[in-house]
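**Student:** Have a look at this one before I ask anything.
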């Protein structure tokens, strides 16, 4: 199985500043010009919401302050400027092969 390691496990960011979350895969999740990495946001009592698919594509309806980048084994989610409603736990997930594993999550607090 591909192991996804997120860092940091938690972070606190001031309103209006930048939040950066990293995800490292134990082997490449990129092939044929695509990077099969996705980012989700989850708030308590709610299902995960897809933010970014295929490393850098913004899901419809997601604010442009969310952006994703990376390829191969190293990926980043950026949120800028952070808003109060962004307080949540963020997860990376790959779909390069089965099982489609998730990272351990990053809890974002807004100061």
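Backbone N, Cα and C define each Cβ position, glycine as well.
So Swiss-Prot has the following annotated:
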REGION    1-23  region 'Framework-1'
DISULFID  23-92  disulfide bond
REGION    24-38  region 'Complementarity-determining-1'
REGION    39-53  region 'Framework-2'
REGION    54-60  region 'Complementarity-determining-2'
REGION    61-92  region 'Framework-3'
REGION    93-101  region 'Complementarity-determining-3'
REGION    102-111  region 'Framework-4'
**Student:** Tell me the Cβ neighbour count for residue 23 (disulfide bond), meaning other Cβ atoms within 10 Å of its Cβ, over all protein chains shown.
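**Tutor:** Looking across every protein chain shown, the total is 29.
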**Student:** Which one of these stretches, 39-53, 93-101, 102-111, has the most C-beta pairs shorter than 8 Å to the region 'Framework-1' (1-23)?
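**Tutor:** Of the candidates 39-53, 93-101, 102-111, 102-111 scores highest.
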**Student:** Mind pulling out the one from 24-38, 39-53, 102-111 with the most Cβ pairs under 8 angstroms to the region 'Framework-3' (61-92)?
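**Tutor:** It is 39-53, which has the most Cβ pairs under 8 Å.
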**Student:** Return the count of C-beta atoms lying within 10 angstroms of the C-beta of residue 92 (disulfide bond), excluding that atom itself.
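**Tutor:** That number is 30.
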**Student:** With pairs 6 or more apart in sequence, are the region 'Complementarity-determining-1' (24-38) and the region 'Framework-4' (102-111) linked by at least 3 Cβ pairs under 8 Å?
**Tutor:** no
**Student:** If we skip the immediate neighbours and take only residues 6+ beyond the ends of the region 'Framework-4' (102-111), which ones have a Cβ under 8 Å from one of its Cβ atoms?
**Tutor:** 4-15, 19, 21, 23, 40, 42, 79, 82-84, 86-93
**Student:** Over the region 'Complementarity-determining-2' (54-60), what is the model's average pLDDT?
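**Tutor:** That region's mean pLDDT is 99.
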**Student:** Determine, from DSSP, whether residue 23 (disulfide bond) sits in helix, strand or coil.
**Tutor:** strand
